[in-house]
Amino acid sequence: MLTTAPRLRIRRPSPTTAEFTVTTLPPRTLALRLLWLLLLALRISLSLVALLILYARWVQERGSIAGPAQPPPPLLSLDRLVFALDAFLQTTPAGTLLARIAASVSLPVLLPVAAAVFYALSLRVHKEESLLVLRGLGVQTSESPATYLAGAATRFIPTEKIQDILVNEAFLGFEVRYYLVVVVEGEENVVVVFPGLLPRRKIVETVWRGVRECLYEGRGEDRVDKSGS
Amino acid sequence: MHPFSTLTLGIFVAGYITARWDLVTRLYELAIFAVEYGVVLRVARGIVVLTAFFLAIFVPVALLARRETTLHDGLMRVFWPTDIRKSDRTGVVVGWRNSTLDVFVVTILEDVDAHNVEFHLRSGTFFRSSPHSPNRIYELCGHSSMHVLGVSNAATQDAIDPSWVCAKASTSSRYPRISCAKASSIQLILYDRPRPKGMQYISLNPIALALGDKGTLPEDVASSEDDSEEAKHEKAIKENRRMLVEKLKQHSIVRRVASARDKALPKIVNQVNWSWELEQALQQNVGRLGPRPKRGLSVSERVVESATTMRNYVLVQLWTLFSVYLFPIVQKAFVLVLLFHRMVAEIFLIILEFRAKPGYAALKDISATAQQIEIRLQQFCYWPMQYVTLRQRKANWASVTTSHPDYIRFYNSLWLVANDVIIGMAVGSYIIEHKDWVADQIRDLLRTYTVEALQRGISWLMGWPAGLKLNGELAAFLGDLFLWVIDYWSSCIETLSPMLPHIIWFIGFSSFAGASMPIAMFSDLLSVLTLHIYSFYLASARIYHWQLTILRSLFHLFRGKKHNVLRNRIDSCDYDLDQLLVGTILFTLLFFLLPTVMVFYLNFAIARMIIISLKAGFDTLLSCLNHFPLFALMLRLKDPSRLPGGIHFELRDTHYPTTPDANDNLLNEPPTSIIYLKNIPLPFRDMFHQYFQMAHRIRKHYLSPRVLLCLVTGQFVPPINRKNLYSLQYSMLPARRATVWEMWRAVNTEIDIPQKKPFQMPNIPQLQNGGKRPTGFGRTRS
């Protein structure tokens, strides 16, 4: 429900510059937005729970249990926050439950599990891969990373290095997939565009036509300005 | 026409006619003659035909040509700095014109005349007072002078060249609005200026943190004989790939020639790197173009000025005294001390690298300590050269980016050594203070693991280990043999043990030269103190391997075959009965004795493997201490643009203004795409590339099926080529070190560093009119 089959989005502000984005993000509707908000809230609350468990464990390891009977420190300070956390963990039923969970799990299990939970909570739901075509400069592929923490991985190929751009077919399991390939001069490996999503043939063909039109069609040779040199 | 000139012309014509009346009558007769014979008609027909031709052919062709040129070649590319000054005043856009419609904007000069600017750019007025020669700029940016590219916020459209850019940059809008008469579409590429003073730059390829001058050395070729099969395999794969690439090349239908715009990219990268310094130079010298508004000094400013002049005079005199008399002496003395140390280092290096015969192991190949000393000495030899290279950087524009990787390498190695020494001091003082305790610990460890554990293991094997029915006699024989040697060895260790605190003290003392030194020494100590295990391993492996070989040949005999050495194959053979009988009996005997030998072999092989992995751990620690990219990591956190890993582009959304300005005469704005050029910081994986490579090599070498086979059959496991393993250690050192003479010359050549400001004046209030400060009489050291 949160993702669709890969679909194509084209941004083309001028005829010689275009960005082809293949994404699994469905079109935005109200229901989808609500779902997103729900998911976000879930992520935040789960990570808070994980953090609280870790904090409880840390307090237990440290062994100093400050009783909630002391006068609370001034508002808007770090001590106040610690005080509130301690109070939460010791008095409320949810807090005591968390503290009991933290106490029952051994440390070598707790830490990797917490790390795995944080990683799972930071995973992206949808994938996005794009191809930016700039006449006179080159093409640039980019892939959205797996988590929200990392940046997009991009690869820029100057026009001079592009030997060819073509659509190829390959077996993948029991099906034949069509994929767009940029052949780079002087490199052993070709660059596959949209490597993770591998969209349908129709999308690939559209992108291929668009790229060739953007890069090469009606290209006039512009001469070097002789007045300067 | 002016009435007076009409009158003059009339008078002239009348005069001419009266003076040359016969000529005029001749002309008149000629005209009559032409009319009578139909010349006029023929001329008129010709004109009509030519006009028809012109209208039918030439005009459409010209129209088509113009349409082609304007429609398809009308892509204009404008590089625009993001931090350009935004104002509503008119200005001249200055930069580089890479081709007609490919411009690179450096700056906007305000309130000046475009033609005047063009003239001064050509004559180089802007760089007249610059500290370095502007030729370097022109060479790297690929043009012989900068160009006027257009105007910004121009009031009128006349007097604008059609290829000029008209920019509208106001303080309110985020992006400038560009138009050009010749352009039909525009790529506006925004870029951030890298600060050359902060050593920021961009590059198309990732910055190289390792020194890349390692070729295939002759030793390398000689020592790579043993893994020739792997190399051959790899070569075959590479060849296959090459052929595939070649084939793919043939599939390309159209070979497209790169246009000037495509080829300009490396030039543009240089221009981006130069942009900041050029902008500074242009903006500083824009005052040379003409009179600027000036204002006289007020009285208080005059007082401040004379006070600062006095203070500066005193400071400059003191500085001159220091730099002329004191500094050269200190410098010379330092250079001499350095040279002496360099000579001593050379002698040590020669000793460490001495090989009795080419191909034999040198001292540094055997001992980790020797290798550590060698690395430190090599670094010491390389530092002066590096420092001189870095000093030359000052003699040029800051935008020359070729020496930045050198800078990072130099400070990385300096910092690592400093870190190493600091950690070493802590470790060393700890070891020295607790030397008895440490010695006790080591003695205990040695006794427990290398003597008692071995003895226990052997005694266990001499019984029936894990219910295996081994041959008791053979096991007792072998076990006793090893136990005697262990006894002898342990007595040796006992006699040595009073020495141990002194050795530990020495190791602790040596760690003041860096924490890597005790680690290397412990590694060596480990290999010396476990010598008996190594020899046990060798002996048991030899026995085991012999037995396996004999078993194999006897198995052939058992089947009535034998191994033909000449043809390297198995042939049938007619054995006599007694031969067969004896052979079979021997085969059976040896086969039943094999498990006994095998368990002893396995015991020592496992011990040996544990020691090898321990040493590998020490080596990893050493390589971390010696070549961890600490400085690069710090730079990556502090300022990612100092470690460029390539560029990437980002397509921005174009927002057209919804309400067109009333006084906007540039509304015929072509479709524009706004692109942001950004620098990719070097990924962490590239920083640790060398480590990954080393891990890959070790994995390939030790976890390969060949090594496993060697272990199982009891052959000697070939150690990994040290050259491969330690290529990481030498990755930041040159393949050939500079000789003493080269260093002497490099240190003694004076670098001509132009010093515009010989001394940084502290805290001088800014004077508005650029009042004359006495900066001229600071003497530059030469």
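Using the three backbone atoms N, Cα and C, a Cβ is placed for every residue, glycine included.
Of the given residue ranges B:580-604, B:605-629, TrEMBL assigns the label transmembrane segment to B:580-604.
Record note: among B:15-33, B:414-432, B:528-546, B:414-432 is the stretch given as transmembrane segment by TrEMBL. Looking at B:330-347, B:474-491, the stretch flagged in TrEMBL as transmembrane segment turns out to be B:474-491. Remark: the transmembrane segment (B:414-432) makes no contact with the transmembrane segment (B:580-604), by the rule of 3 or more CB pairs under 8 A. Away from its own ends, the transmembrane segment (B:474-491) comes close to residues 447, 451, 454-455, 458-459, 461-462, 532, 535-536, 540, 593, 596-597, 600 of its chain (Cβ-Cβ under 8 Å, at least six residues beyond either end).
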